[in-house]
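Copied over from Swiss-Prot:
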ACT_SITE  GLU85  active site, proton donor
ACT_SITE  GLU116  active site
DOMAIN    57-220  domain 'SIS'
Amino acid sequence: MNSHLEDLTTEKVNDDTVNIDVMNTEDMLKAINNEDIKVAYAVQKEIHNIVKAVDIVSEKLKNNGRLFYIGAGTSGRLGVLDASECPPTYGTNPELVQGIIAGGNEAILKAVEGAEDDEDMGRSIIKERNMTSKDVVIGITASGRTPFVIGAMKEARKNEIIAIGISNNKNSLINKNVDIKITPIVGPEVIMGSTRMKAGTAQKLVLNMITTAVMIKLGKVYGNLMIDLSLSNKKLIDRAVRIIEHATKVEKEKAMEYLKRANLKPKVAIVMIKTNTKSYEAERLLNMADGFVTKAIKLGSK
């Protein structure tokens with residue numbers, strides 16, 4: 001599996017940074033920044049494929065499915081990070097979006113030797129998490145050939161589970177084992193083979209796009225405001241108050257009052273204010289509107 005690494009774009013030498021070891025600090029940072037600029041353009045070229053991923057993921061989640069990120073090393077950590085941000089940002093159940101990293105939680109903080117090379121372990125993850133055709137899996141691997149990820153993708157498709165691949169090399173093995181391919185080609189890294197850099201940045205941008213767009217399509221956003229956030233600390237309560245203020249144009253004190261009356265649910269508070277209803281009626285309108293605030297307000301204004 002590790003043969004012909006030199007054929008991978010991410011493993012090639014970057015001609016623009018061959019002298020980075022003798023550059024002064026400013027030139028060194030400019031060289032890194034010049035490479036980073038290329039990342040967003042590489043992701044932009046893949047938007048048509050990201051659209052496919054967003055549409056299928058949102059459809060699965062609307063129908064009680066789950067989203068799983070599967071990766072190793074940096075790619076695995078990025079999946080875990082993105083998944084862990086969904087509950088506080090969008091008020092989702094931690095089971096809805098899950099990140100799985102080769103080697104388990106221990107690998108989040110330090111490398112677990114050999115974990116990424118175990119294809120059978122990747123296969124077993126599908127059964128361990130009780131994945132079904134209602135779910136969707138996204139495999140993340142810069143090289144496009146990480147055995148742990150490939151094993152998971154193969155097993156997913158074997159069980160009629162939609163598999164999506166995010167990689168940074170053309171014609172890679174993962175692209176032969178997924179239903180949707182997302183392949184931002186970022187070119188050779190600043191430091192040869194250090195895919196935590198441009199490849200990792202590209203992966204993070206793609207994950208940001210997928211979960212953000214999916215949550216919008218699930219009614220977790222009103223305008224560009226996060227209105228389903230979980231209020232687990234003072235900072236988030238303050239943010240929720242500001243969100244209600246902005247969405248309804250009420251004063252801070254009134255926003256806080258309605259937030260309390262809505263049992264600390266910002267979207268309920270917004271609908272209460274916009275439709276001049278009590279919390280139970282706002283909840284009913286939101287249920288009728290499948291959780292979409294704009295639709296709930298229209299229903300309550302009839």
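Heads up, the Cβ atoms here are built off N, Cα and C, so glycines get one too.
Not measured: the values here are computed from a predicted model.
In the predicted structure, the domain 'SIS' (57-220) carries a mean pLDDT of 96. Taking only the Cα positions, the spacing between GLU116 (active site) and the residue listed as 'active site, proton donor' is 24 angstrom.
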